[in-house]
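Remarks on the structure that follows.
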Amino acid sequence: MMLRILACAILLFSATVLSQNVATLRKQAALDQEVTTEPIANEITNDLKVSRNYPMQPPIIPHNIRDYQIDLNVNTCLACHSRRKVTNTQATMVSVTHYMDRDGNFLAAVSPRRYFCTQCHVSQTDAAPLVGNSFVDVKELMAVSKNENE
Amino acid sequence: MKDYLARIWRAIRKPSTHYSLGFLTLGGFIAGVIFWGGFNTALEVTNTEEFCISCHEMENNVYEELKSTIHYTNRSGVRATCPDCHVPHKWTDKIARKMQASKEVYGKIFGSINTREKFLEKRLELAQHEWARLKANDSLECRNCHDFAYMDFTVQGKRAARFHSTFVASGERTCIDCHKGIAHNLPDMAGVEGWN
């Protein structure tokens, strides 16, 4: 019992110490201080497909999805993206992986694990990134290693 | 009591001896105006959102859902209230809809949707009535605010412009065909045309 309490105390202590160095949206302002916040960013809904950073990336949603209902009753996304709808809607059909269960079997309908589209597919906003990003596209990595080998 | 009533009855039946025909005609006219006005005022009162959501079935279900949608809050601040979408503007249509609504009030009194569960169970049926009505009148209530003739496709989203400039322009589809669930959550859509 004593040990557990001690462990908790250490955890709490280290958490507070650590959290002081974490960049926050409040810009490290003290609790009793007001900070001026950035305006809420707008969603990018220009209907232009965004290229993927790697082949397995779920593509970004380039259009408005305000109030699109996805629940037990109905999946609004599939009203345009399902296999039989794309002639009319000219939307990209959900790819074949959406019909596979986790054992790789192909199902007749979109697999339950791919039903909640916005779990993986999201819209982007025009917000400036809070932190830098050092992601390097695999194409560039390939070019680098090719140069090194030569 | 009986005597009293009988006396009143006689007074009503007896031709007027004290008042001129002109006075009676005018009086009738004025009374008529008051009644008509009263009727229309009552109609107006029942034609407000406050009235619609004064019963909890509406307030706790559909109104709650409307609040997160674009017809409740948007950048231009133009709001659509319940009667904007559910009650026709033309007087005759309005009366017809009100008489239909009396049935819905009946539903309220006898509690056919007095819990969330009962409401959800009935929801498909209620929604289908509205879809049928809007389909039949070519989405008149939507068009009261969204006039197709003044839609500028060039500033619409690409998807919106493509659908509007084809299916709507040709009259093949009407607003409610594509914009179901624009203001409230949808019921189970399995079996509804275009949704499976």
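Heads up, the Cβ atoms here are built off N, Cα and C, so glycines get one too.
Feature annotation from TrEMBL assigns signal peptide to A:1-19. If you look up TrEMBL, you'll see A:HIS63, A:CYS77, A:CYS80, A:HIS81 marked as heme c 1 binding site. Marked as heme c 2 binding site by TrEMBL: A:HIS98, A:CYS117, A:CYS120, A:HIS121.
Recorded features from TrEMBL, shown on the structure.
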| residue | record | Cβ within 10 Å |
| --- | --- | --- |
| A:HIS63 | heme c 1 binding site | 19 |
| A:CYS77 | heme c 1 binding site | 21 |
| A:CYS80 | heme c 1 binding site | 17 |
| A:HIS81 | heme c 1 binding site | 20 |
| A:HIS98 | heme c 2 binding site | 20 |
| A:CYS117 | heme c 2 binding site | 21 |
| A:CYS120 | heme c 2 binding site | 11 |
| A:HIS121 | heme c 2 binding site | 15 |
Open item on the list: Quick check: which same-chain residues outside A:HIS63, A:CYS77, A:CYS80, A:HIS81 lie with their CB within 8 A of the centre of the heme c 1 site CB atoms?
Closed with: A:ILE61, A:ILE65, A:TYR68, A:THR76, A:LEU78, A:ALA79, A:THR89, A:ALA91
Open item on the list: If you compare CA-to-CA distances from A:CYS77 (heme c 1 binding site) to each of the binding-site residues A:HIS98, A:CYS120, A:HIS121, which comes out shortest?
Closed with: A:HIS121
TODO: Go through the binding-site residues A:HIS81, A:CYS117, A:CYS120 one by one and keep only those whose Cβ is less than 8 Å from a Cβ of chain B; report them in sequence order, or 'none'.
DONE: none
Open item on the list: Tell me the coarse DSSP state (helix, strand, coil) of A:HIS63 (heme c 1 binding site).
Closed with: coil
Task: When distances run from the Cα of A:CYS80 (heme c 1 binding site) to each of the binding-site residues A:HIS98, A:CYS117, A:CYS120, A:HIS121, the nearest one - done: A:CYS117
- [ ] List the other residues in this chain whose Cβ sits within 8 Å of the Cβ centroid of the heme c 2 site residues A:HIS98, A:CYS117, A:CYS120, A:HIS121, in sequence order.
- [x] A:PRO58, A:CYS77, A:VAL94, A:ARG114, A:PHE116, A:THR118, A:GLN119
Open item on the list: Under DSSP, is A:CYS120 (heme c 2 binding site) part of a helix or a strand, or is it coil?
Closed with: coil
Open item on the list: Between all pairs in A:HIS63, A:CYS77, A:CYS80, A:HIS81 (listed as heme c 1 binders), what's the biggest Cα distance, rounded to the nearest Å?
Closed with: 13
Task: Spatial separation of A:HIS98 (heme c 2 binding site) from A:HIS81 (heme c 1 binding site) - C-alpha basis, Å - done: 11
